[in-house]
C-alpha cells in the first residue's frame, strides 16, 4: 500500500531591498521505498539568492505567519520486506539490582510491515542465559541475581521472525547492579589493650579494621564510631584509629578501683540506614609512678618538755604521709636521715627509713649546749619514692624544748627580823624578803603571807608585795597591844611549788598616846568673892596615859583664862591636879568684865618611860566652863555670848580625779551637825531663866554694855558633781549633761576657758554693823574660784524672745554702796543678773512655743 507524505518548507526573505531567496525544484513529488534504511536521501533541492548573506543567523524581518509554502510529496510504495522492530531494541541496556525477584524485565515491540496481523516468533541467544522470552515478546529473568557471585552483566540477542521466515535481530545488554545487602565485619581486631596512664592527648592506642562483602567497597564507605560514652578516647570515623582524648589518671576514681575501660566500637556501611556491626575493646590502664609522696603538712612544731625521757617517739611522720599511686612499688617510700641545726646526737629516725622521730639526747633546759641553740631545733626529713623517678619531698620539724618547773623557790634566809615604830603610818615599808628559783628561765615568784600577821581589830596588819616581797604596814601597829608579830611568808612559783620563811616584826614603842583626863568637860560656878589660893568647888583632874607615867604630866590653860584668875596645882609631876583661883575678881573697878570663862586646858606628857633624851610629846585636852556669880544678889547680871554668823557659798564644780570629795563633804556635814548640836546644848544649859532679884540685896551698878562685835565668816563648800546623764535642750538643740540626783547641769563638750573679761557675779560679804564694804571684800569670782581685783565685770543679760540669742556682753560696775542702809546680821549682795540660763530638765515637758526661749551664754565647762 502506497502512502503519501507531504513535506512543507518555509520561504525566507532577506532584508528589505537586499534581494530574494528562491527554492529550485519545488514543489515536487518523489517516491521512497518503504524498506529504505534510515538516512536514505529522499529529495534534493537548491536555493538561490540575489542578496548578500551575512554570516550568522538570518535577520528576520517578518514574524507574521507563512505567506507562501512549497510542497514536496513523498510516495512510499509497498515492498515485501522483513519484520520491523520498534523502539531502541537494536541497542538496549537494562540494569537490574541484585536480589530482584525473577520476572519480566523487558517487553519487545515488533510488527510485520506487510501485515500487522501476522504472528511473530521471538527467541533469545545464548540459551544458557538466565532469561527467557515469551510468545508475546516479554523477556523474563529466571533467577535472583547476586552481584557478588553472579556475572555482573549479560549480552542477549533478540530475534523476531514473521510467518514468511523473515526476521529482525536486536541486541540487549542486561547489567546486574550491586546493592547494600551485606553486613560489614571486623578483621583481626585485638580485644584487649594495656596502655600506661598519663599519655598525652592524640596518642594512638589501637586501630580497628572492618570489611564489607558488598563488591570491592566502591559502593559505600565504612564509618567507625564509639558507642560507649567516654571522655578518654576518640576514633577516626574513616580510618578506625583510636586515640587518647584526655589524660587518663589511674590514681583517681573510678579508675583507682576499676582500671579497665571497655569500649563498644561500631562500623556502619552507610551514613544513614545500611548495615552495622560492633565489637568490644578493653583497655587496661597501667599505673605509673607519677605522684610524689604527700603529707598532711610539711612543717611541724613540736613542744617537748625538758624532762621527756630518752627513746620517746616525738612524732610518727608516716601517719601523716601517703603516696596516691595505686600499685606497688609506685606507692612505696622511705624517710631518710635527719639533718638541721641542733639535731646531732639528739634525734634520729628509728627504725631507719621509718617516720618515727625518736629522742636520743638530753633536752635539759638549763644545759649550756642546749642554751647555745636557744633550746630550739630545726630538723629536715626527706621522704622519697623507692621507684623511678624517685620523687622526693622534704618535711621540716621544729622542736622547741619547754621548761619544766623542777625546783621550788628558796628564801635567802629561813627567818627574817624587822623593826618598825608604832608611829609608822600605813604604807610604810618594813623590809623585804627574797627568794630564788633555780628553774630557767625565771618566770617569777609570788609572795604572800601564809599565816599570822593580824591583831585584835586589825586583821592583816601587814601586806606583802606579791612581786617584790616588800613588807608594808596596812594599819597602825600598837606597841601597847602587841609588841611583836611573828608570821609566815610564802614564795610560790607558777608551777605551784612553794617554800616558806618566818618573819618577826618588833614594834618599837613611841609616845603615841595622849593623856586622858576625867572629867573631860565640866561646868563650874565660882563666887565673885572666892578666896585666892582655894580650890574651886573642889574640882580635880585625874589623868592617865598608856605610855607615860603619873609624874610625866604638865597642865596648861591654853585659852579663856582672862586676867589669869585660874591655875592648876600641882602644874606638873602628878596625874591628879586641882583647879585653883590665883587672882581675885575685880568687877567694881572695871578690871574684869567677863562673868563666864571657857577654859581650854592642855595636858602634856614628858614621855618619861621612853628613856630618851628627846621624844614626842602628846597633848590631851579638857574643856571647863566657869561662871562667876555674886552671892546673895537679887539681880543676876547676864552676858550675851557672842555668836558667829556663818555665810555659806556653794560652788558646783566637777573633777573626775577628785575621788575624795564625797568623803570630805560627808565628814564636813557631820561636823557641822555636831557643832550645831553642841551649840544648842550650851544655849540650853547656860542660858536658864533666872529668879527675880531680892529687894533687900544691894544693887550693883552693872557696867556699860559694850557693843558686841559679830564676826562674819565666809565658808565655801566645793561640791564635785558627777554628770551621769545627757539630754538635748528642745529650744537650742544643744546637748547638755545633768546629775540625776542633784539636778546640776552643764553644756557638753565646753572645755574652753571663759572668754577674756567674762566673770561670775560678784558677792560682797559685809561685817554686821558696817555700812560700806571694805576694799578687800568686793571681789569677782572666776569659774575656777580665783578672786580677781576689783574691776568692772561684764554681764551677759538674756535677750527677749524675738531672736532668742545671747546678748552682747556689757560691762557694768558692781554695786559696792547699797542704796539703803545695811541692817545688822544680813548680807548685802549686788543685784546682778545671772550669767547662766538653765536648760530644760530631762524629765520636763517641752516648753510651749508661746513662751520665751531660754538663751544659754557660752560659758565653757561651767556647771549650772
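Placement of Cβ uses the backbone N, Cα and C atoms for every residue, glycine included.
TrEMBL does not curate its annotations; it predicts them automatically.
Annotated by TrEMBL as transmembrane segment, the relevant range among 607-632, 633-658, 659-684, 685-710 is 659-684. In this model, the domain 'Cadherin' (412-521) carries an average pLDDT of 87.
Residues of the domain 'Cadherin' (412-521) grouped by DSSP class, helix first, strand second and coil last, total 0 helix, 52 strand, 58 coil. Using DSSP to sort the residues of the domain 'Cadherin' (296-411) gives these counts of helix, strand and coil: 9 helix, 50 strand, 57 coil.
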